[in-house]
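Per Swiss-Prot, the features are:
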BINDING   65, 66, 67, 68, 69, 70, 71, 72  ATP binding site
């Protein structure tokens with residue numbers, strides 16, 4: 001760059017620093033590249049699929065899927081993992097349907113969980129913005145977008161038309177939230193439902209998420225959660241097999257997916273994942289129907305091996321550490337350059 005241009009640029013930077021504060025405009029080469037921190041999802045496979053060991057801190061995340069697919073369970077597991085690391089979490093219960101005992105069973109510290117049950121959408125999103133601006137909360141979960149009903153709709157008459165009100169509300173809120181959560185390093189997770197597009201024909205999926213298109217664009221990560229099988233023990237249903245697909249990822253390559261078990265009343269089965277990934281990575285030996293780790297016989301059949309790991313958490317932790325090392329997930333901080341790898 002010639003001398004005159006450099007002088008003009010230096011002057012412009014000084015003016016910007018004076019108007020907006022030092023560091024408002026910097027050369028990327030002068031700024032230290034910081035690693036992207038993450039919060040574990042409670043699922044080894046999903047942590048791997050997300051590419052950085054969990055959901056990114058300081059970003060907006062959307063978890064969506066059909067009813068009873070495990071969306072809220074996954075969000076509560078993320079809260080539990082954040083709390084285990086000493087983090088503070090908030091749950092905005094717009095659906096007024098939080099099961100406190102279930103959350104406790106998943107490992108959530110309910111005594112220290114911040115909970116709000118707002119009356120309408122604007123109130124919910126104002127609360128989210130206020131606690132995000134405090135910089136004291138690590139993760140905020142909103143359950144769900146569909147329940148963020150605008151005040152005008154609640155106060156209106158049944159049958160009144162309120163076309164596009166919720167979409168406008170979400171668009172306005174996300175414009176304000178994106179910068180705040182990044183600056184304060186707070187992860188905001190929106191749980192969303194799916195609907196069928198009216199009059200959808202031809203190619204492409206007939207499904208869409210609620211609340212307009214704003215969340216699709218502002219979310220750094222979008223995870224599609226689907227139930228793919230029912231787990232049974234004899235005639236009794238004991239859980240669901242779930243597939244989680246990362247359909248958008250701005251911090252790592254997208255379109256990876258993971259499968260894991262969600263057990264009724266317990267949440268994500270970490271023991272099941274340890275066995276699946278342990279066998280896949282030759283950390284656990286499978287001979288016929290027997291599973292063994294080093295000189296330890298874990299049991300005959302997958303359910304017995306899971307039961308052994310549940311009864312012997314020190315063995316489960318040792319296996320998990322080996323798997324995480326093999327996956328390159330020793331820590332929740334992964335050195336991945338920030339990029340815009342997927343817009344949808």
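Glycine too: its Cβ is placed from the backbone N, Cα and C atoms.
Feature map: annotations from Swiss-Prot on the structure.
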residue	record	contacts (Cβ under 8 Å, 6+ apart)
65	ATP binding site	71, 193, 194, 224, 225, 226
66	ATP binding site	193, 194, 226, 227
67	ATP binding site	193
68	ATP binding site	227, 240
69	ATP binding site	225, 226, 227, 240, 242
70	ATP binding site	225, 227, 240, 242, 262
72	ATP binding site	143, 191
Neighbourhood of the ATP site (65, 66, 67, 68, 69, 70, 71, 72): other residues with Cβ within 8 Å of the Cβ centroid, in order?
225, 227
For residue 71 (ATP binding site), just give me the three-state DSSP call.
helix
